[in-house]
Amino acid sequence: MSANETPPRAPADFEKVAIGAQATVATFKEETPSLLKRIQHLLHVHPTAIPALVLVLSVAVFAMAGGQRFLTAFNLSVVLQQVTIIAVIGIAQTIVVLTAGIDLSVGAIAVLASMVMGKLAVTAGVPTPLAILIGVAVGAACGAVNGILVTRFRLPPFIVTLGTWYMVFALNLWYSDSETIRSQDIGETAPLLQFFATAIPIGDARLTYGSIAMVIAIALFWYLLSMTAWGRHVHAVGDDPEAARLAGIRVERVLMSVYIVAGIVCAFAAWMMISRYGSASPQSGQTSNLDSITAVVIGGTSLFGGRGSIVGTLLGALIVGVFRNGLALSGVNVLWQDFAVGALIIVAVALDQWLRRVSQ
Amino acid sequence: MSTPVPQVPVSQAPILEARGLVKRYGRVTALDHADFDLMPGEILAVIGDNGAGKSSLIKALTGAIRPDHGTILFDGQPVSFDSPIDARRIGIETVYQNLALSPALSIADNLFLGREPRVAGPLGTLLGMLDRPRMRREARAALSSLGLMTIQNIDQPVETLSGGQRQGVAIARAAAFGSRVVIMDEPTAALGVKESRKVLELILDVRAKGLPIVLISHNMPHVFEVADRIHIHRLGRRHAVVDPRAITMSDAVAIMTGAMAPPGEARAA
C-alpha cells in the first residue's frame, strides 16, 4: 500500500509535498532498541518475571545466610503454610485492584465470615456444611454492598471499602460478642472447619490441604482472568472504563461481579483461617488487609488497574513469607522484617511506574 | 491501490436515514428537526461549525443519546437505540475519537473486546474458555484485509503501537464483524500528515469492501479528498448536501458558516 500510486482524488495542494514521502506509517516495524529498552519491553510483556526473579534470589540469599535451617523441606513447607491465607485473600485483592480499585475490607470480611461459620456450627448447632455455605453467603453479601456503593453511588472504592472495613469489623465484634470460639470445641463439633489443616507428610515437609487448596485457587483464577471473556473485561474495565463501555462491555456489571467474587473468596479464606489457627477469633486477621495489598503490589499488579497477574500475587505473598521467615531464622530483630517488606513495596511500585512508561 | 469511485444510483434507498431529529438540553436546541441520509457504499462527510449539532447528530445515530423527537431508519425500518451496544448489534460501528481501545490488552483482545468467541464444546459453554486461535486468526485476517498486516505480533499490547497504528486497529475493528455502516469521528485529528494519509487510504479501503462510511471531520482537504457527498450541518439541522466535485472548499466553508446560501439543488428538504 502506498499513497503515490494514482490516489482516487488528488490530495490538497499543500500536501503535495507529502506524496513523495514515505507513506508506510503502519508497518509496525521496530528499530533496534537499546538493551535497557529491551529489558523494559520484556518485563512489560512478562510482568511476573520480576517477582519470580526476586523470589529465587531471596531464597538463594537466605539459603546462604540462614544456612541449614532455612533450606529444608520442612521449613519451606512452613513458609507455604504461612502465606496461604494472605495469598488467597490476595486473589480477592488482585481482581479488585485490576479494575483500578482497592478493597480495604477483605480482612474484615474474612474475619466476619469465619465467626459466622464458627458460631453457627459450634454454638448454634447448624450442620457444618450449611454453616460454611452461610459464611460464604455473608462474604458475598459484604462484597455486594461494596459493589453497589462503587457502581450505583459512584463512590471511590478506597472510601467505600474503608467504610465497610469499620462497619464489617464492628458487626463481627457484635455478632461474636468479642469471644473466641475455642479450637477444642471446633474440633469436637465441627471438625470440617479444620479440614484444611490436614497435612500430607512428604519426607520432612508437611503439605497441608490448605496449601494445596491455595494452589488450586490460584490456578482457577489464573484461568478465569486470562482465558475467559470475564477476565478480559476485568482488565479492560481497569485499563480504561470509558473505552470498555464504548466497546460494549457492561462496566457496572463487571465491577459488581468483581466485588461479589472478592467477598466469596474472602469467605473461603475464612474457612482456611479457622483451619490454620484451629480457633475462630474475632481479633484474627487484623493485618490481612494491608498484607494482601502488599502481596498484590510486590507481585507486580499495578494499582492503576488493567495490568497484573494472579500468579504474581502468589509470588508476592511467597516473597514476603520468605523474607519474614528467612530474617527470623537469621536471628534478625523482627522490626527489620517490616522494614524489608516496606522497602520491597516501594521498589515494586517504582518498577511498575517505569514499566508503564513503555508506551510513551 | 486505486479504488473505483462507486456511482451511487439516485434511485437507491438510503441504508441509514434520520427524519426530523430534535434534541434539547434545557434551553439549548442541539438538534432542530435534523435530517440525514447515508447511501449504500458511499463516504458521506459531515461538516459543520462548532456547536452546529454535528456531534449530537452522530450520538443519536450511534445510540449514545436518545433524540426527543424524530425517527431513525435503518434499511428502511424504524429503529431506536438505548445504548451504543444496540446500534452495534444491527451493524452500526463507530470509531470514536478516543478510539475506545484498551491499551494494556493485545491487538487481538481489543478487536474482540465485548464479543469474544468461545471454544466449541463444554470447555466453551461451561467454562467460558476463549477461542484464542480463532481470535488470532480472525484478527490477522481483519488487519490484512485492510493492508495492515505487517504487524509482527498480534499479541502485542495496543499501548506499544503508534497513534496511526492504533487508529488502524480501531478502524479494522469497526470494519470487521459483519458491520453494515462505519461511523468515524475525526479519525485524522490527532495524527500527523503521513499518518493521516495512511488513515485516508484505510477509509477508502473500507469503502472498497462495500461498507458505507460517515466521516465527521474538521479537515476540509481530507473531506474533499475522500467524500462522495458532503452533509453540511448548521444551526442544528441539515443545511445542505453538496457534491465535493462541484464545489470549492471555500464555498463549502462559506455555506457552513452561513456566509453563503447553498446552491439551489443542494438545499436540504
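Cβ atoms here come from the backbone N, Cα and C positions, even for glycine.
Look at TrEMBL and you will find A:42-65 (among others) tagged as transmembrane segment.
The transmembrane segment annotation in TrEMBL covers A:85-118 (among others). Non-local neighbours of the transmembrane segment (A:85-118) in the same chain are 131-132, 134-136, 138-139, 142-143, 146, 150, 157-158, 161-162, 164-166, 168-169, 171-172, 175-176, 181, 186, 190, 193, 213-214, 217-218, 221, 225, 234-235, 237-239, 241, 254-255, 258-259, 261-263, 265-274, 276, 279-280, 282, 284-289, 291-293, 295-296, 299, 301-310, 312-314, 316-318, 320-321; each lies 6+ residues outside the stretch with a CB under 8 Å from one of its CB atoms.
TrEMBL lists A:130-149 (among others) with the feature transmembrane segment. Beyond the ends of the transmembrane segment (A:130-149), by six or more residues, the same chain brings 103, 105, 109-110, 112-114, 116-118, 120-121, 124, 155, 157, 160-161, 163-164, 168, 190, 192-193, 255-268, 270-271 to within a C-beta distance below 8 angstroms of the stretch.
Beyond the transmembrane segment (A:155-175), the same-chain residues lying 6 or more positions past its ends with a Cβ under 8 Å from any Cβ of the stretch are 96, 101-105, 107-109, 111-112, 115-116, 119, 142, 145-146, 149, 282, 289. Among the features that TrEMBL reports, transmembrane segment is placed at A:155-175 (among others).
Among the features that TrEMBL reports, transmembrane segment is placed at A:207-225 (among others). Residues 77, 80-81, 83-84, 87-88, 91, 94-95, 98, 195-201, 231, 234-235, 265, 268, 272, 275-276, 309-311, 313-314 of the same chain, all 6+ positions outside the transmembrane segment (A:207-225), place their C-beta atoms under 8 angstroms from a C-beta of that stretch.
Positions annotated as transmembrane segment by TrEMBL: A:254-274 (among others).
Per TrEMBL, transmembrane segment is recorded for A:295-323 (among others). Under 8 Å from some Cβ of the transmembrane segment (A:295-323) lie the Cβ atoms of residues 47-48, 50-52, 54-55, 58-59, 62, 79-80, 82-83, 86-87, 90-91, 93-94, 97-102, 214, 218, 221-222, 225-226, 235-240, 337, 340-341, 344-345, 348-349, 351-352, 356, all in the same chain and six or more residues away from its ends.
Marked as transmembrane segment by TrEMBL: A:335-355 (among others).
Nonlocal intrachain contacts for the transmembrane segment (A:335-355), taken as residues 6+ away from its ends with a CB within less than 8 angstroms of a stretch CB, comprise 40, 43-44, 47, 50-51, 54, 294, 297-300, 302-303, 316, 319-320, 323-324, 327-328. If one looks beyond the transmembrane segment (A:254-274) by at least 6 residues along the same chain, the residues whose Cβ comes under 8 Å of a Cβ in the stretch are 84-85, 88-89, 91-93, 95-96, 98-99, 101, 103, 106, 109-114, 117-118, 132, 135-144, 146-148, 150-151, 186, 193-196, 210, 213-214, 217, 230, 233-234, 237, 244, 280, 284-285, 288.
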